[in-house]
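Per Swiss-Prot, the features are as follows:
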- Arg16, Glu17, Leu18, Lys19, Lys112, Arg517, Cys518, Trp563, Glu607: 5-methyltetrahydropteroyltri-L-glutamate binding site (BINDING)
- Ile433, Gly434, Ser435, Glu486, Asp601: L-methionine binding site (BINDING)
- Ile433, Gly434, Ser435, Glu486, Asp601: L-homocysteine binding site (BINDING)
- His643, Cys645, Glu667, Cys728: Zn(2+) binding site (BINDING)
- His696: active site, proton donor (ACT_SITE)
Amino acid sequence: MTTFHVAGFPRVGAKRELKFAQERYWRGEIAEQDLLEIAQKLREINWKHQAAANADFVAVADFTFYDHILDLQVATGAIPARFGFDSQNLSLNEYFQLARGNQTQFAIEMTKWFDTNYHYLVPEFTKNTEFKANPAHYVQQIREAKALGFKFKPTIVGPLTFLWLGKEKGEAFNRFELLAKLVPVYVEILNALVAEGAEWIQIDEPALAVDLPTEWIEAYKAVYTTLKEKVKAKLLLATYFGSVAEHAPLLKGLPVDGLHIDLVRAPAQLAAFEDYNKVLSVGVIDGRNIWRANLNQVLDVVEPLKAKFGENLWIAPSCSLLHTPYDLEVETQLKANKPELYSWLAFTLQKVQELRVIKTALEQGRGAVQAELDASQAAADARANSKEIHRPEVAERLANLPTDADKRKSPFAERIAKQNAWLNLPLLPTTNIGSFPQTVEIRQARAKFKKGELSVADYEAAMKKEIEFVVRRQEELDLDVLVHGEAERNDMVEYFGELLDGFAFTKFGWVQSYGSRCVKPPVIYGDVVRPEPMTVRWSQYAQSLTNKVMKGMLTGPVTILQWSFVRNDIPRSTVCKQIGVALSDEVLDLEKAGIKVIQIDEPAIREGLPLKRADWDAYLQWAGEAFRLSYMGVQDDTQIHTHMCYSEFNDILPAIAGLDADVITIETSRSDMELLTAFGDFKYPNDIGPGVYDIHSPRVPKAEEIERLLRKALNVVPKERLWVNPDCGLKTRGWPETIAQLEVMMEVTKKLRAELN
């Protein structure tokens, strides 16, 4: 027998049922009991799908109403004291307030779950954090699964990863010191699961795939010795998202009953675990991407392992399936329009069926599943040879780029002099990051146009009306460099994906980003080409309305890559450079059309950093090159802007400077300009526009707040190189606060200008 198991399933449901139920509950349209019943139904459906695929265990304790790390904060009693809630008797309403904030407390901070596009809620630890077990949420799920007759395996994030993912608050201390207090509470939680009949418990320690300090690594032995001694269940220690080969001696010596390793992200690490003498669970189906596996190739890897490990070989997805959409079969439109592409994909329900085939082949031989293996092989062969994917001219163009293709003609000092000569901007020039409010009217017009209820002419007229409105408001505010407002764009990545060859879109390919927010990433399946201009006519129209400078707006190659499902048959770096080269055609067309200030947004450049420091340089090298390729060939007097929004720059500043954008605008208001200090210390050479107010809130900042931030900025950046702008785009704001916020920004800028002049 070969054990097949899953670490977790998507929580939101095939049609985002959980999202819609949560939002109705928050609006007071359904009662708590209704939400609980919908959630229970979704869990039951998930378990039935796993059982139907012949899984030996169904995953329990993986379901959450918002986030699994928030659930763990509740289960360990580690919720922030500032809320004043009792973790032992937390209501569902209070649970949601932790995630979303309330009148007196801001929400728990959110950040990316390792290098995925899922966000978790960051635990807040203080020196005096006291832990207290409350496993009710997990116990409830086990009882439901038992009542339905399923054999189950709970999955819970382990104590070291849980601590690692948190942040210290208040008095200075090292959160590692809390480990001794946390482990006994884990023992209590795990024993509550054992009392419900859990024979195996999966404990996830993905932190093992990052650069952990030595004391953290060394703690694994003591922690797992304690857990094994005091918990009467078999423990499966799971790692994923990267290689843990360097820790193989430690992991193989831990007193656990099995290990799970990710062979999709790190196939080479298998060699380090082939002599393991307990259960080895191998993640052989990609839990993070949507491509169908070549099952013959997977069997080539696992059949020798079966011969060696026998019943101790387990098979699984590489990680939780939370990161993949639910079911390919509902994509009837994709199947009709792109049948070949459809045949290359596998969503969650298809992935568990792939594991069923592998399990059957290992138990009964390949002949027992020959038809499925043949279909898998045919899809793999078709994909390898498809004309739709492989366009020789794209590879040729990349191969023949001159060695200095990604370099500007002249250094910044010479370029900026030429730019200033024609731009003729005042000191502290003002601009916006790009988008303006997406009103109900804009969204309705776009929806009607997509459904065919609005003609091309009527849709374009509606968008032009909106663009004119945005231009006039900016003129009234007396901003210096204007934007067209992006009314025609649904999303900063999807918009470009729809206009570039090599991209496709699903209708129901939603994955959870956080809480009730889901995203539907584009699918990059083939070589990327820009068949025709994408933004030129909109920017040209906007420029025709005003004598002020109009800025063109594009999304950069790294962000498009990061926020998509990316093909896995060529390196990500190659895909990224293809996108950069395709965007360069757009940049040159904008320049030709008289748009000579062009912003290329890269909010996701930091997100792409590999988990291990040793791999950073290689990534930053190709990401930087792809960005620079996106503006290759522009004239010195064309001004390239970029925008970035996140809070940690210090460790990648040389790479940011290496992008060689003439102007960088960054999100800094919420960190009180702290970020700028790093730019100052580094002596960042080009122009900078630090955000002077937070666009995530409808609040209108006071003049003195913006003035204080700008004066702080002037202490770091020479006045000749300082721009003034909001933190980010204004898409999610309403018009009244947008105008009021920008009025304050302009008032303060003019006051300081007069003073500096």
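Glycine is treated like the rest: Cβ placed from N, Cα and C.
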Hey, of Leu18, Glu607, His643, His696, which of those recorded positions are within 10 Å of Asp601 (L-methionine binding site), Cα to Cα?
His643
Once the chains shown are all counted, how many other Cβ atoms turn up within 10 Å of the Cβ of Glu667 (Zn(2+) binding site)?
22
Cβ-based neighbourhood (8 Å from the centroid) of the L-methionine site, residues Ile433, Gly434, Ser435, Glu486, Asp601 excluded:
Asn432, Val483, Met492, Met553, Gln599, His643, Cys728, Gly729, Lys731
Quick one: largest C-alpha distance among Ile433, Gly434, Ser435, Glu486, Asp601, binding L-homocysteine per the record, in angstrom?
13
Looking only at C-alpha atoms, tell me how far Glu607 (5-methyltetrahydropteroyltri-L-glutamate binding site) is from His643 (Zn(2+) binding site), rounded to the nearest Å.
14
Compared by Cα position, which of the recorded positions Gly434, Glu486, Cys645, His696 is the closest one to Arg16 (5-methyltetrahydropteroyltri-L-glutamate binding site)?
His696
Spatially, and counting Cα to Cα, which of the recorded positions is closest to Ser435 (L-methionine binding site)? Options: Leu18, Lys112, Cys518, His696.
His696
Enumerate same-chain residues with a sequence separation of six or more from Glu486 (L-methionine binding site) and a Cβ-Cβ distance below 8 A; give 'none' if the list is empty.
Gly434, Ser435, Phe436, Met492, Met553, Gly729, Lys731
Nearest of the recorded positions (Leu18, Lys112, His696) to Cys728 (Zn(2+) binding site) - Cα to Cα:
His696
Which residue among the binding-site residues Asp601, Glu607 has the fewest other Cβ atoms within 10 Å of its Cβ, if you could check?
Glu607
Fewest other Cβ within 10 angstroms of its own Cβ, chosen from the recorded positions Arg16, Lys112, His696:
His696
Consider the binding-site residues Leu18, Lys112, Cys518 and say which one has the Cα lying nearest the Cα of Glu667 (Zn(2+) binding site).
Lys112
What is the separation, in Å, between the Cα atoms of Cys645 (Zn(2+) binding site) and Ile433 (L-methionine binding site)?
11
So if I measure Cβ to Cβ from Ile433 (L-methionine binding site) and keep only same-chain residues at least 6 apart in sequence, which ones fall under 8 Å?
Val483, Gln599, His643, Thr665, Gly691, Asn725, Pro726, Asp727, Cys728, Gly729, Leu730
Write down the Cα-Cα distance for Leu18 (5-methyltetrahydropteroyltri-L-glutamate binding site) and His696 (active site, proton donor), rounded and given in Å.
25
Cβ-Cβ neighbours of His643 (Zn(2+) binding site) (radius 10 Å):
27
